[in-house]
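Asks: Have a look at this one before I ask anything.
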Amino acid sequence: MTFEKVGVIGAGAWGTALAQVAARAGLAVTLQAREPEIVAAINDTHENAVFLPGIALEPGIKAVADLADLADCDLILAVAPAQHLRAALTAFAPHRKAGAPVVLCSKGVEQGSLKLMTDVAAEALPGAPIAVLSGPSFAGEVARNLPAAVTLACEDEALGRAIAEAIAIPTFRPYTANDLIGAEAGGAVKNVLAIACGIVEGKGLGRNAHATVITRGFAELTRLAVALGARPETVAGLCGLGDLVLTCSSPQSRNMSVGLALGQGLTLEQALAGKVSVAEGVASAPAVRALARKVGVEAPICEAVAAILAGEVAVDAAIAGLLSRPLKPEA
């Protein structure tokens, strides 16, 4: 199976960066944006000044506003924010070319339903071949052609290889897997943990505490993913541990920057003020907490972040609660 035309749903930073990758791979790229001004700017100036300012876009990228304009695309990258993915895919469903696979590139748990993105896609696009792309990949670096590697998970392994081969370039390496739940669970939970790491930084609690949050957070991530049906070796790869380390280690991370502001004493409203791109962890935190409770998984760091974001507990009290937990075996 080969692909020639790629449609990208969502022209935020990550969607635009993936459009860059696909264009560099020699594919014809149609990038859909809801905002008419972004469509016009990309087509006229070859720049997404709102989400990726200062980065020249590949000439092979064409921007559109109407999802119907993706009807001739034989591969779809769905990059709408997690809480808007269902609406985007439902609107796109009548226009999907028969047999066109849909690669889910959004990370999160849907509020209310507590569904992962593959479940959302299966309901919005019945019968569509689904894959998941996830891994340590800041959009700005990918768009500037700096090296990155990701997980491309698809139950149909031949299809997964075909998609990986279609979008791979020397600076963007997709490693294939067949564990969709593992690929997406890691990406959903790591955003919540990145907020926790940001809080640690904002409070000045030191590198020891930072490393502890990453490590114990990864234990929470793994427990939840396995309870949902993932294999532990999947979340130990790029889509889980790799993405967690990146997102928890740089203020470039939208989620970590929110936590940093909270740790410095700002309110959530102040922390989010002026942010153009979505910090998925803010929306996913209550859903991750509810999902962990539903499947009986202990996730104290995710619980604390969700409680802080909901205004149920102050930052200092949440930290004190974590530090006073009973001692237990590490495993």
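Backbone N, Cα and C atoms are what each Cβ position is placed from, and that goes for glycine too.
Feature table excerpt (Swiss-Prot):
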- Lys190: active site, proton acceptor (ACT_SITE)
- Trp14, Arg34, Lys107, Ala139, Arg254, Val278, Glu280: NADPH binding site (BINDING)
- Lys107, Gly135, Ser137, Lys190, Asp243, Ser253, Arg254, Asn255: sn-glycerol 3-phosphate binding site (BINDING)
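Distances, neighbours, how buried they are, the whole picture for these features please.
Replies: According to its DSSP assignment, Lys190 (active site, proton acceptor) is helical.
Close to Arg254 (NADPH binding site) in the fold, though at least 6 residues off in sequence, lie Lys275, Ser277, Val278, Ala279, Glu280, each with a CB less than 8 Å from its CB. DSSP assigns Arg254 (NADPH binding site) to a helix.
Packing around Ser137 (sn-glycerol 3-phosphate binding site) is summarised by its Cβ count: 22 other Cβ atoms lie within 10 angstroms of its Cβ, all protein chains included. Under DSSP, Ser137 (sn-glycerol 3-phosphate binding site) is assigned to coil, being neither helix nor strand in the three-state scheme.
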Asks: What's the CA to CA span in angstrom from Lys190 (active site, proton acceptor) over to Ala139 (NADPH binding site)?
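Replies: Per the Cα atoms, Lys190 (active site, proton acceptor) and Ala139 (NADPH binding site) stand 16 Å apart.
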Asks: Please list residues from the chain of Gly135 (sn-glycerol 3-phosphate binding site) whose Cβ is under 8 angstroms from its Cβ, counting only those at least six apart in sequence.
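Replies: Within the chain, Gly135 (sn-glycerol 3-phosphate binding site) has Cβ neighbours under 8 Å at Ala148, Ala149, Val150, Thr151, Leu238, Cys239, Gly242, Asp243.
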Asks: Counting other Cβ atoms within 10 Å of each Cβ, which of the binding-site residues Ser253, Asn255 scores lowest?
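Replies: Relative to the other binding-site residues in Ser253, Asn255, Ser253 has the fewest Cβ atoms within 10 Å.
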Asks: In whole Å, note down how far the CA of Ser253 (sn-glycerol 3-phosphate binding site) lies from the CA of Ala139 (NADPH binding site).
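Replies: With distance taken Cα to Cα, Ser253 (sn-glycerol 3-phosphate binding site) is 10 Å from Ala139 (NADPH binding site).
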Asks: Please report the distance from the Cα of Arg34 (NADPH binding site) to the Cα of Asn255 (sn-glycerol 3-phosphate binding site), rounded to the nearest angstrom.
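Replies: That comes out at 23 Å between the alpha carbons.
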